[in-house]
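See below for the structure under consideration.
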Amino acid sequence: MDSRCSSIDSRLTGRGMGSISSTPLSARVESYKAAEKKCISDVRRTFCLFVTFDLLFITLLWIIELNVSGGVQAQLEKEVLHYNYHSSFFDIFLLAVFRFAALILAYAICKLRHWWAVAITTAVSCAFLIFKVIISKLLLQGAFGYLLPIVSFVLAWIETWLLDFKVLPKETEDENRYQSFVDAAGRAPHMGPGPLSDGQFYSPPESVADSDEDLEDKHDPEKGLIQKVS
């Protein structure tokens, strides 16, 4: 909503009202509505890509931490099977999974046009991370004890900023532009040009002064001269 969405919006803004004669405005509005039902906007797709990046980046950092701490398999058993809130990073990974699932469901599948979903995920992430840093012993486990909570905190707030200042305002602007074309289509005349009036066809009246003989004289100057001499 993928190249079809951007192409529709460019056609509506680029051609302007001057293309009404070539393509009916109502037909373009209907095609815009049909395409909007099948795809998402470019800014919303960018937001969903960043949410996916959030999950993949946290996962990568967690795997690196497992490998550095003594092997992936051994650390997985320690942090997952023998989970300890004070020393495990597994819950930070689950927090990233929670943000990904909630935001993709809300803004990619359900196509929500409100900020409440990202506000909930950011609030839950911030509260959990602050509480974990204060209560747990992550800061005693080296660089990853600082890196994973900070990165997760920053990514959650970037997602909020993207949605609130980029996605929703841009989509509102596109919706207002689309509504202006809908209003223009409603005001446009639906009737074609009327029949031509009789005044548009003009034939000069017949000349009474010039008879058939005078016309022949004009075409035959010698005959007219003989008549004048006689």
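Glycine residues also receive a Cβ, built from the backbone N, Cα and C atoms like all the rest.
Please treat TrEMBL annotations as automatic predictions, because they have not gone through curation.
Listed in TrEMBL for this protein:
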- 40-211: domain 'MENTAL' (DOMAIN)
- 47-68: transmembrane segment (TRANSMEM)
- 88-108: transmembrane segment (TRANSMEM)
- 115-135: transmembrane segment (TRANSMEM)
- 141-163: transmembrane segment (TRANSMEM)
- 185-230: region 'Disordered' (REGION)
- 216-230: compositional bias 'Basic and acidic residues' (COMPBIAS)
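Ranked by number of Cβ pairs under 8 Å to the transmembrane segment (47-68), the listed stretches 88-108, 115-135, 141-163 are led by 88-108. Outside the transmembrane segment (141-163), and at least 6 residues removed from its termini, the chain residues within Cβ reach (under 8 Å) are 46-47, 50-51, 54, 57-58, 61-62, 64-65, 68-69, 87, 89, 92, 95-96, 99, 103, 107, 115, 118-119, 121-122, 125-126, 129, 132-133.
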